[in-house]
Amino acid sequence: MSKTNPNKLYSLRKLKTGTASVAVDLTVLGTGLANTTDVKAESRRYQAPPRVLLQGKEANKVFEERKALEKQARDLGDTINHMSQTISEQSRKIAALKSEAELKNQQALEALNNKNKQISDLTNENAQLKEAIEGYVQTIQNASREIAAKQQELAAAKSQLEAKNAEIEALKQQDASKTEEIAKLQSEAATLENLLGSAKRELTELQAKLDTATAEKAKLESQVTTLENLLGSAKRELTDLQAKLDAANAEKEKLQSQAATLEKQLEATKKELADLQAKLAATNQEKEKLEAEAKALKEQLAKQAEELAKLKADKASGAQKPDTKPGNKEVPTRPSQTRTNTNKAPMAQTKRQLPSTGEETTNPFFTAAALTVIASAGVLALKRKEEN
């Protein structure tokens, strides 16, 4: 996510910090120059030169522009900080929404896959049990047929044995000469008895197999019933999971739509932030321009102070030279001295006459600037009058 450029914020703090010192300088310049419009010297009023008045107006204009830029910079800084917080909150919200949607979807898919695997395993196991049951059913049917056959064979052997025994008894009663035939019949009867015993044993074994197969079949049928119940429950759970998955997908689409909306808002906020940062950069450029203008005004003021000092020095040296021209002996010099003195008088009282700025008159720059400009105005007016 986008982060606020620390250089931009540093520039904003620097702009706010530098504003205070420059604003003080401009206040000094504007106030000092504005109050040089009229200078009283006893009963006369000296009008400041147009250049001084123009500089005062320019200083006031620069000061007002500076105040407007200060407010604009503060507003831009507050807006940028607010938008940076909004961008961070929206970024976190988008990430949380996406993470929540992915988690729900993943959980639903995992549960659905697990249930599908469980249903598949139960279906395979049920099929195997049914095959085993069919095998036992076939075994039971075969054993039943064999038992029936053995029972028929046993019944036939019993009938034959009974017939042989009856025939033997009849021969015994008829004649002793039929001893051999009786022995033969007795041998056949013994064979039939052996066959009958073998058939009974086989019949017992077949019955045991039949009972085992029947019990196993019942057991498998019970397992099949249990598996079918589990399968039905798993299918119902699968239906519920599918519904949950559909709901999760719908929620995911909803969250994705919300995320898309938030991303659009985020892009719009980023664009607005970029515009504000561009305005802040323009404000910084305007600040540099105003600082340059303030510096130029300070340099002009210093130059005027130098000119004033030079004029005062020239005036002082001119006043000390004696007038050697004969025709000029009666030129009055006292008015000049009076004017000079009257010019000095306001300079001495300037500190008391300066407008109140909310502070005591202890600012050396303010005192020097105001005195210099006022003195410059008076001396220049005096010089212009003497030249005329």
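Cβ atoms are placed via backbone N, Cα and C, with glycine included.
Record note: among 34-38, 64-68, 254-258, 354-358, 354-358 is the stretch given as motif 'LPXTG sorting signal' by Swiss-Prot. Using DSSP to sort the residues of the repeat 'D 2' (294-299) gives these counts of helix, strand and coil: 6 helix, 0 strand, 0 coil. Helix first, then strand, then coil: DSSP counts for the repeat 'D 4' (309-314) stand at 6 helix, 0 strand, 0 coil.
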